[in-house]
């Protein structure tokens, strides 16, 4: 008996969508990757460029697709969005993107898809909440990429400070994927030791009292620096999305800081932001709650307030 194919549909064939498709194809996590775009010829070109590398990849079926691919997809990854036009305000751009994302979300829901919707388009927290509302799905099945990449940047930055492999740094960036995000230092550890304790032995490059504010600033601003250098970010984004997709397709129950609409967790409700979640086949299956210290709880609440205000303004 044939096993069910693990299928991912990518909506939006631009730099982020195509880089994700490329990284996913190399990972071996998916058996089928459909690439869709408003510009069908562009999607065809991206798919053709990828399939010609199939002799170098794990077995995978890559093709250009359309809305009919949603129905049997395990994950639909939405990277589509409008670019800001000259003279267009931030809120007008947000409204245009919300219209695009809600339209896609409705199409996915109406297709009968039983999988997970992963929103990547920015501002990801607001658009994920809009997509959830449009879809009518349960909240764990409509998630955003959130601060998974920000968390990777945080771990990388700390690895330079501590002289330890980034994969052995444990910690999270939480809240908004944006300027109000914060580092959950209370959750940050190396080899089971709190980061402050680990660095107190003088093993970190800045000594026992490293500059936490400077590290957070570096994490927050890293995307801006890359944009200054090359115009946009997509390599690390593609890898972060592949990590999330792998957790879903392989039912890993990994703990990732995806963006999810909260329903009382951390004392917050009706807001979508990044917190540690168990991610498996059905999406974000559970939020991992913890008692945050007062300053981190205040930062989370400030992030939630900012996002709620933006969502209200958009509507």
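Using N, Cα and C of the backbone, Cβ positions are placed for all residues, glycine too.
Since this is a predicted model, take the numbers as computed values, not measurements.
Per Swiss-Prot, the feature NAD(+) binding site maps to 16, 37, 81, 82, 120, 121, 122, 145. According to Swiss-Prot, the feature substrate binding site maps to 84, 90, 122, 123, 124, 125, 150, 151, 152, 153, 233, an assignment based on sequence analysis. Annotation comment: Swiss-Prot describes 155, 170 as beta-D-fructose 1,6-bisphosphate binding site. Swiss-Prot lists 177 with the feature active site, proton acceptor. Summarising the annotation, Swiss-Prot assigns phosphotyrosine to 224 and lists sequence analysis as the type of evidence.
Rounded to the nearest whole angstrom, the C-alpha distance between residue 84 (substrate binding site) and residue 120 (NAD(+) binding site) is 17.
Within 10 Å of its Cβ, the residue among the binding-site residues 16, 82 with the fewest other Cβ atoms is 82. A C-beta separation below 8 Å, combined with a sequence spacing of at least six in one chain, links residue 155 (beta-D-fructose 1,6-bisphosphate binding site) to 166, 167, 169, 170, 171. Cα of the residue listed as 'active site, proton acceptor' to Cα of residue 82 (NAD(+) binding site): a span of 18 Å. Of all the binding-site residues in the list 37, 81, 82, 145, the shortest Cα-Cα distance to residue 124 (substrate binding site) is found for 145.
With respect to their backbone Cα atoms, residue 16 (NAD(+) binding site) and residue 233 (substrate binding site) stand 8 Å from each other. In terms of C-alpha distance, the listed recorded positions 37, 81, 82, 121, 224 place 224 closest to residue 152 (substrate binding site). Under the three-state DSSP scheme, residue 177 (active site, proton acceptor) falls in the coil class.
Of the recorded residues, residue 121 (NAD(+) binding site) and residue 233 (substrate binding site) place their C-alpha atoms 13 Å from one another.
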